[in-house]
């Protein structure tokens, strides 16, 4: 059943995009700038797990834990030395965006310098025969990817909506000036948002590293897809970013039912353009109206 | 309780507040008035350290609070209701209120304060689950004040709370403010344009013109003075 196979492929792709997009959205909500190097941070996460697992020979789960933790620290480090000083100078969004692009190129080249240009792979799980579910083939690894993504996304949603800290985050995202006069320390929230967002990027990096090859430029594709997912869903809304990412994964995969598979990226960009033109707020990014 | 000594403040190079000194009595309602651009809001923001302070001091209960970051002032007991009934529109009414007491760890205490605010503004209890942006203008103002009250402030600063409200609601609002002072045992400083109605409710008034205090007195005396005529008629504008 080709339909079921494409559905499953779409969900797998969407899960990865959703992890990238939700981290991206979290960072955007807390800091109000577009962190374009977010994909490169995910790439750093993949290389970090490669370092801990393959190069240092640690237990895979310990290596993953350390990789996620250090990805968060890498994100925080760059936030502190690049974005914060620019923010303090009240730099415009364009400057932040360019800084993000610069940072992305810097990280890519650092990875290239340290690890070389050849692709790396984790080879943690043996290539297993896929299981057949409703006529579609899915490997155990792919099931793990989807399960981890979904669990993390549910946990994240719970964290933001139900905990006091999450609500403070929403408040800063909603109205930073008011959050300030309400006595919410925006700086703490920004660091937390950046740290958690980067950790999510680290998870995404690891999951991709499990399925595909690791290469220095992999971050570009990730940020483009994560960004597109976030825009489609509504960039300030976490459920929106998740919904948008799955929608993107599904459209890409169902699109190649009719088109050659090389058009996958074209479908993603096409969707991005359509949404930017027709509904820039995204699906769940409500245009809030203040009643007078 | 609040003392401002020779304060000079503004934004970057712009010098707005010139050598202002004033002192608020505990439990009083004071009003800061003056023509447009006199620096009323800037003075209020200077107390809350959202402006640049060039010289002078702000003392709260004898403690120097000049230039302290806004988020530490709340813990000391100063709350700020900004202009234009600003709320976290995409959060529920209840979440908006809870954020006013986010620095209080004791859940029972927060619950108690929430009930107290709901008693003051029963409509907020009715609509506690709704988005803040769906409230009417008057209700949004109640929510903004309610959120400030959640911190049980010793000093409540309000920037033009009547802005954009219907005349009938303005009267109600001022009566509510007097009521709040009794119930919450707080000192209040209001920046207002709507002088006539507020003069009936407030204790003490300051007239600010071009960043300087040109007159101050108890409201009942101030009402009769010529300087108020000038403010009302707008000769200062």
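A Cβ is built for glycine as well, from the same backbone N, Cα and C atoms used for every other residue.
If you look up TrEMBL, you'll see A:6-29, A:36-56, A:62-83, A:95-117, A:137-160, A:191-210, A:266-286 marked as transmembrane segment.
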| task | Output the single range from A:36-56, A:95-117, A:137-160, A:191-210 maximising the number of Cβ pairs under 8 Å to the transmembrane segment (A:62-83). | result | A:191-210
| query | Do the transmembrane segment (A:36-56) and the transmembrane segment (A:191-210) share at least 3 Cβ pairs under 8 Å, sequence separation 6 or more? | reply | yes
| Folded-back contacts onto the transmembrane segment (A:95-117), same chain, C-beta under 8 angstroms, at least six residues removed | 33-41, 43-44, 47, 50, 78, 82-83, 86-87, 215-217, 219-220, 223
